[in-house]
Amino acid sequence: MIGLKLGLRMYDINLWKYLNLFEAVIASLFYQFTLYVALRLAHRGFTLGELGLVCFGGTSLCLEFLNVTIARIWPITTPYIRTYRLPTPLLIFQISLIVGSFVTGFLLSPFLVLSRNNAQRPVHRLRFPQEKERNRRYYAFGFYIGTVLIVGTLIGMWTRWCLGNRDPWLWVIFRILEGKKKWTRPALLSYWALLGIISVAGWNRQLARSRRFRPRNNTAAAETPTPTSNNSSTETVPSASTAEGGGANGVSPLAPTSAGPLGMAFPTSFPNMPNLPNGTHMSTVATDLLDAADKHVPTLGLNARRKFFHGLAVVMFVPGIAVDPAFTHLSFSVAFAMFVFAEYIRYFAIYPFGASFHLFMNEFLDHRDSGTAIISHFYLLTGCAGSVWLEGPSMLLQFTGILTLGLGDAAASIVGRRLGVHRWSPTTSKTLEGSLAFVLSVLAAVLCLRLFGYVEPFSTIRYLSVVVISAVLEALSDQNDNLTLPLYMWSMLVIVV
């Protein structure tokens with residue numbers, strides 16, 4: 001890279017014109033460092049293209065962090081701050097949140113590694129088994145205390161220094177009340193928090209029910225599970241011995257009947273429903289009724305589970321970008337940092353949330369999450385946020401990630417699986433019907449945004465051509481769509497529209 005830079009300068013070629021030799025050295029070294037770290041920590045989690053994009057993004061943030069710091073140290077010798085985006089407080093907070101989350105993990109790596117090694121050691125091989133639980137608490141305590149100290153001192157002081165000695169915590173609190181109206185940003189925070197709580201609580205209920213009524217081959221039980229139309233839910237059918245000898249109370253489940261006015265016999269007790277007692281144990285009866293109803297509610301497959309979060313991204317972030325894109329920019333950075341710390345807790349089994357996080361995330365994994373780290377949710381968040389983080393010149397560009405993933409990719413997957421017949425090639429499962437759904441959903445959504453005045457007027461033909469090319473990329477590429485597709489479509493829109 002240094003040789004290429006010197007060659008370009010020698011032949012007076014205006015490529016990398018504003019990249020000096022110091023930045024070229026730092027960029028080349030840090031890019032190799034990110035390659036090594038990514039391959040070590042997320043082994044078998046990247047394709048070659050995804051690895052290049054992730055390392056390129058990390059190197060870009062590193063250069064922005066370096067140039068912002070240099071500009072603060074030598075302000076007189078720095079005519080302008082050399083960053084890819086405007087050096088606003090939003091950029092300062094993004095660097096402190098994203099870069100700071102990785103710096104925190106690096107500095108606290110001893111606690112993380114010890115916690116994971118402790119969790120992997122079998123209890124029966126320990127000389128003092130009671131020490132395992134105690135060590136888990138010690139390592140977790142060290143991680144949590146270290147995180148507070150690093151965020152409050154190292155990262156917090158750097159942010160304060162770059163903001164001109166303004167307290168970053170007070171800055172955020174005051175900016176929450178400085179939207180278009182004083183209630184706009186608090187309302188957005190409440191809206192996001194409500195959707196997050198409802199979705200997590202609902203998925204915990206759904207996943208718990210899915211695990212509870214999952215088909216099992218249990219021949220010793222008196223009831224035989226029989227799969228329904230959905231593979232994840234089961235219903236219980238009394239065995240032959242139960243039908244012949246009566247139910248649990250010695251009564252045949254279908255024996256007591258009553259004749260209606262038309263002479264038709266109706267059973268008064270049902271095999272899958274508890275008999276209601278008269279005024280006693282009503283709480284138990286209510287629980288049994290809910291359990292019996294749960295058996296007949298279909299559970300969602302893996303693809304539907306994953307695409308649910310695409311739809312959730314649309315519902316959550318489209319109002320934020322339309323109402324207050326700057327505040328949504330900051331919120332995306334906070335969400336990314338929270339994802340990083342959640343992955344620390346999951347992968348390194350930090351007490352007491354590590355097991356819960358792992359069990360929850362495990363229900364949404366597919367073949368692309370076969371590596372050590374789970375990165376699909378990072379891709380989804382980065383794909384949605386990238387169009388906002390890149391700070392394009394128009395509102396149309398800022399909606400690109402949400403529309404591409406939340407509507408286009410989800411519609412292509414659902415329609416392609418249910419209605420798709422004509423495949424693009426024998427080696428792929430993507431269909432022409434799914435690609436058509438991608439194009440129509442994105443185009444319809446952006447036309448609605450233009451109709452309501454949330455995006456500027458644009459050429460429909462040019463936009464449609466970019467969407468069609470992006471749909472072809474989505475159908476033929478082996479890369480993770482959540483990461484590559486929004487960046488590609490954003491770049492094409494900058495050039496074409």
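Cβ atoms here come from the backbone N, Cα and C positions, even for glycine.
For 20-39 (among others), the entry in TrEMBL reads transmembrane segment. Within the chain carrying the transmembrane segment (20-39), a Cβ under 8 angstroms from the stretch's Cβ atoms is held by residues 1-2, 5-6, 46, 51, 54-56, 58-59, 62-63, 66-67, 82, all 6 or more beyond its ends.
The annotation transmembrane segment is assigned in TrEMBL to 51-71 (among others).
Per TrEMBL, transmembrane segment is recorded for 91-117 (among others).
Annotation source TrEMBL lists transmembrane segment at 138-161 (among others). The list of residues near the transmembrane segment (138-161) in space but at least 6 beyond its ends in sequence, with Cβ under 8 angstroms from a Cβ of it, reads 69, 72, 92-93, 96, 100, 103-104, 107-108, 111-112, 114-115, 118, 167-169, 341, 344, 350-352.
Within its own chain, the transmembrane segment (187-204) is flanked in space by residues 176, 179, 305, 308, 312, 315-316, 319-320, 323-324, 327-328, 331, 360, 363, which lie at least six positions past its ends and keep a Cβ under 8 Å from the stretch. Positions annotated as transmembrane segment by TrEMBL: 187-204 (among others).
For 214-252, the entry in TrEMBL reads region 'Disordered'.
The feature compositional bias 'Low complexity' is assigned by TrEMBL to 216-236.
Annotation comment: TrEMBL describes 308-328 (among others) as transmembrane segment.
Positions annotated as transmembrane segment by TrEMBL: 334-360 (among others).
Annotation source TrEMBL lists transmembrane segment at 372-390 (among others).
The transmembrane segment feature in TrEMBL is assigned to 396-415 (among others). Taking Cβ pairs closer than 8 Å, the transmembrane segment (396-415) reaches residues 303-304, 307, 310-311, 313-314, 317-318, 321, 325, 380, 383-388, 390, 430, 433-442, 445-446, 449, 454-456, 458, 463, 467, 470-471, 474-475, 481-482, 485-486, 489-490, 493-494, 497 in its own chain, all 6 or more past its ends.
Sequence annotations record features per position, and here TrEMBL assigns transmembrane segment to 436-455 (among others). Same-chain neighbours of the transmembrane segment (436-455): 322, 394-396, 399, 403-404, 407-409, 411-412, 414-416, 463-464, 467-468, 470-471, 474, counting only residues six or more beyond its ends whose CB sits under 8 Å from a CB of the stretch.
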Range from 51-71, 91-117, 308-328, 372-390 with the greatest count of C-beta pairs under 8 A to the transmembrane segment (334-360): 91-117
